[in-house]
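Student: Got a structure for you, written out below as structure tokens; questions coming shortly.
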Amino acid sequence: MSIHQLAVESASDHRPLIITLFSVFVAATLGITVWAGRQTKDATDFYAGGRSFSGFQNGLAISGDYMSAASFLGIAGAIALTGYDGFLYSIGFLVAWLVALLLVAEPLRNTGRYTMGDVLAYRMRQRPVRTAAGVSTIVVSIFYLLAQMAGAGVLVSLLLGITNEAGKILIVVLVGVVMILYVSIGGMKGTTWVQMVKAVMLIAGALLMTFLVLLKFDFNVSELLGEAAKNSKMGHAFLEPGLKYGATGTTKLDFISLGLALVLGTAGLPHILIRFYTVPTAKAARKSVNWAIGIIGVFYLMTIALGFGAAALLDKKTITDSNPAGNTAAPLLADELGGPVLLAVISAVAFATILAVVAGLTLASSSSFAHDLYANVIRKGEATQEEEIKAARWATVGIGIVAIVLGVFARDLNVAGLVALAFAVAASANLPTILYSLFWKRFTTQGALWSIYGGLASSVFLVLFSPVVSGNPKSSMFKDVDFHWFPLENPGLISIPLGFLLGWVGSLLSKEKPDNAKYAELEVRSLTGYGAH
Amino acid sequence: MDTAPASDRPGDQRQQEHPPYAEVQASAEFGELRRAHRSFAFPLTIAFVSWYLLYVLLSNYAGGFMDTKVAGNINVALVFGLGQFLTTFLIAWWYSRHAAAKLDPRSAAIKSSMGSDA
């Protein structure tokens, strides 16, 4: 009998404990949500939590928003199965924060109100650019949601031993419903508090597991790595780059593509960007990024212990039998370290992780739908605050349903790989426009539209014809068909430079002159904070 | 500390609906603020992205070097990866120090010279 079956069985024995922990978390966070909902009176409360959070609180919430199922389940699994190559995720996800800190967080806080579209459309013709920003926000968030729902699905089927399709669908529906409640009732205030609670839980859980792993090896990291290498049966290759990406010239290109997407994606993720609006000033936004870098950095350092710990202490077959992409390595490791009680606790943490991130993503997409598409494009700025918030609440329900439907697919994809696709789309469609808007005088509406739609279309198109969607009988979304011709799993290598290039060419070829007065306004406000909302 | 005198901007402009953004943008004080930000953030961004890409490329194409043992089972690749963590923390700290010393005073002075928010 494999450990996986043991885990499922012991988990089944402790099903009451697991269900109690899940219920306590859901009940507590829903309580917070209702409390936050009572305090949500106007649009600034709903979209930006009244801009009342401190730098530290927001830093914690950013960490809770950012450390997703990909960071916890995905990276641990990727390292457990492919050794050193999985570690790239940790590094890229962290270094990326410097782009946000140095170039984006403060100017964005100074010039926008509620959404990424506020800044993208600032100097431009409002309706076309807001439409583009709204579409890209929703597409990026849905890619990201897909990864979280995949994580939720595998986690719950591992824990509750649910193997039939109906049971899994039921769980995904439950996650969707809780998330809709968080966002539609609590708005940004509720979501922020849920993310803070989750960040504390995740850090505590990871610290505990890291401690237990290191304890097994007398706090000797070298010994841990040695045992991981030995147990993986791949020897030192396990600790060296190239196990996953070193096979051929194509996989090496894929590694560069992934690396590029990770480092440039963060500062273009709408659900991260809107977090900067929840603090009163640009200085507080800077402080919150610094806190986030500290918290996230420590967490990613711990993924080394979690991933190599899983490789050292678990049989590889156990991990892949449970989930081919390794997504359950962290909970299986918890079971190995502390038995079913720790398994239940860590699973509750993972569940909290997923719920908090999913809430942030849903909020970003429904805010953008209501503020960019509904209020500014459809109603041309004539909608009242009440109408706008109402639209946001309905959009939440809509996005929730989309997430539920998508969550039923894509269970066998590594969630870190899936999230990397969201990063690639964000880096291709959003980052060029954000940077050009803030720093390049000659950027025009046409440049913005070419860059957003070009980056978006090329990245999504390439993913569609990549091995992620079809052609790989083991890991593709559709296993039985093969219509792939693009060899890389991550499109970033092509689509990110293309997004930047299109923004530049589109601006130079544009008949319309850049709006110098508007650029003066944006530049002065972005650097001084004058007139910030 | 570099504080522009408040008298640079006549008080009557506070009554205007739109502050004279173009004028502020063209002012020497704003030029200094912009330069203080760009001359720090742009080269540093190029530097850390290159440093990171160097790590990615070495992982891909310099296997022999990355596989070199440093101590026990710890190899150059791992040290390089941990180095990325260290430089990220250091750059974040360095930028914040730069911003507090060179950017915040300048932007506060320009902001107050523009009068209260509309």
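Easy rule for this one: first residue shown is 1, then count along the chain.
Just so it is clear, glycine is given a Cβ too, placed from its N, Cα and C backbone atoms.
TrEMBL entries are annotated by machine, without manual review.
It should be emphasised that the depicted structure is a prediction, and the values quoted were computed from it without experimental measurement.
This is the feature table in TrEMBL:
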| type | residues | note |
| --- | --- | --- |
| TRANSMEM | A:17-37 | transmembrane segment |
| TRANSMEM | A:87-105 | transmembrane segment |
| TRANSMEM | A:132-160 | transmembrane segment |
| TRANSMEM | A:166-185 | transmembrane segment |
| TRANSMEM | A:197-215 | transmembrane segment |
| TRANSMEM | A:255-277 | transmembrane segment |
| TRANSMEM | A:289-314 | transmembrane segment |
| TRANSMEM | A:341-370 | transmembrane segment |
| TRANSMEM | A:391-410 | transmembrane segment |
| TRANSMEM | A:416-438 | transmembrane segment |
| TRANSMEM | A:450-470 | transmembrane segment |
| TRANSMEM | A:490-509 | transmembrane segment |
Student: Could you tell me whether the transmembrane segment (A:289-314) and the transmembrane segment (A:197-215) have 3+ CB pairs under 8 A, leaving out pairs under 6 positions apart?
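Tutor: Between the transmembrane segment (A:289-314) and the transmembrane segment (A:197-215), which are separate recorded stretches, there is contact, as judged by 3 or more close Cβ pairs.
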Student: With Cβ distances under 8 Å as the criterion, find the stretch in A:17-37, A:255-277, A:490-509 that has the most pairs with the transmembrane segment (A:166-185).
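Tutor: Per the Cβ under 8 Å count, A:17-37.
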Student: Report, as numbers and ranges, which residues of the same chain sit near the transmembrane segment (A:255-277): CB under 8 Å and 6 or more residues beyond its ends.
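Tutor: 47-48, 51, 58, 61-62, 65-66, 85, 88-89, 91-93, 95-97, 99-100, 103-105, 108-109, 112-116, 136-137, 140-141, 144, 188, 192, 245-246, 285, 288, 360-361, 363-365, 367-368, 420-424, 426-427, 429-431, 434, 488-494, 496.
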Student: Report, as numbers and ranges, which residues of the same chain sit near the transmembrane segment (A:17-37): CB under 8 Å and 6 or more residues beyond its ends.
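Tutor: Hits for the transmembrane segment (A:17-37): 11, 159-160, 178, 181-182, 185-187, 189-190, 193-194, 197, 340-341, 344-345, 347-348, 351-352, 355.
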Student: Looking only at the recorded stretches A:87-105, A:289-314, A:341-370, A:490-509, which one has the largest tally of CB-CB distances under 8 Å to the transmembrane segment (A:450-470)?
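Tutor: The stretch with the most contacts is A:490-509.
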Student: Is the transmembrane segment (A:87-105) in contact with the transmembrane segment (A:341-370), using three or more Cβ pairs under 8 angstroms as the rule and ignoring pairs under 6 apart in sequence?
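Tutor: Between the transmembrane segment (A:341-370) and the transmembrane segment (A:87-105), contact is absent.
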Student: Any chance the transmembrane segment (A:289-314) and the transmembrane segment (A:87-105) have 3 or more Cβ pairs under 8 A, given the pairs are 6 or more apart in sequence?
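Tutor: Touching, yes - the transmembrane segment (A:289-314) and the transmembrane segment (A:87-105) meet the threshold of 3 or more Cβ pairs under 8 Å.
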Student: What else in the chain is close to the transmembrane segment (A:416-438), if you only count residues 6 or more beyond its ends and a Cβ gap under 8 Å?
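Tutor: Same-chain contacts beyond the ends: 68, 70-71, 74-75, 77-78, 86, 89, 96, 99, 103-104, 107-108, 116, 119-120, 122-124, 133, 136, 139-141, 143-144, 146-147, 150, 257-258, 260-262, 264-270, 325, 410, 447-448, 451-456, 458-460, 463, 468, 489-492, 495-496, 498-500, 502-504, 507, 522-523, 526.
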Student: At a C-beta cut-off of under 8 Å, are there same-chain residues at least 6 beyond the transmembrane segment (A:391-410) that contact it? List them, or none.
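Tutor: Tertiary neighbours of the transmembrane segment (A:391-410) are 46-47, 138, 141-142, 145-146, 148-150, 152-153, 168-169, 172-173, 175-177, 179-180, 183-184, 187, 358, 362-363, 365-367, 369-371, 374-375, 383, 418, 477.
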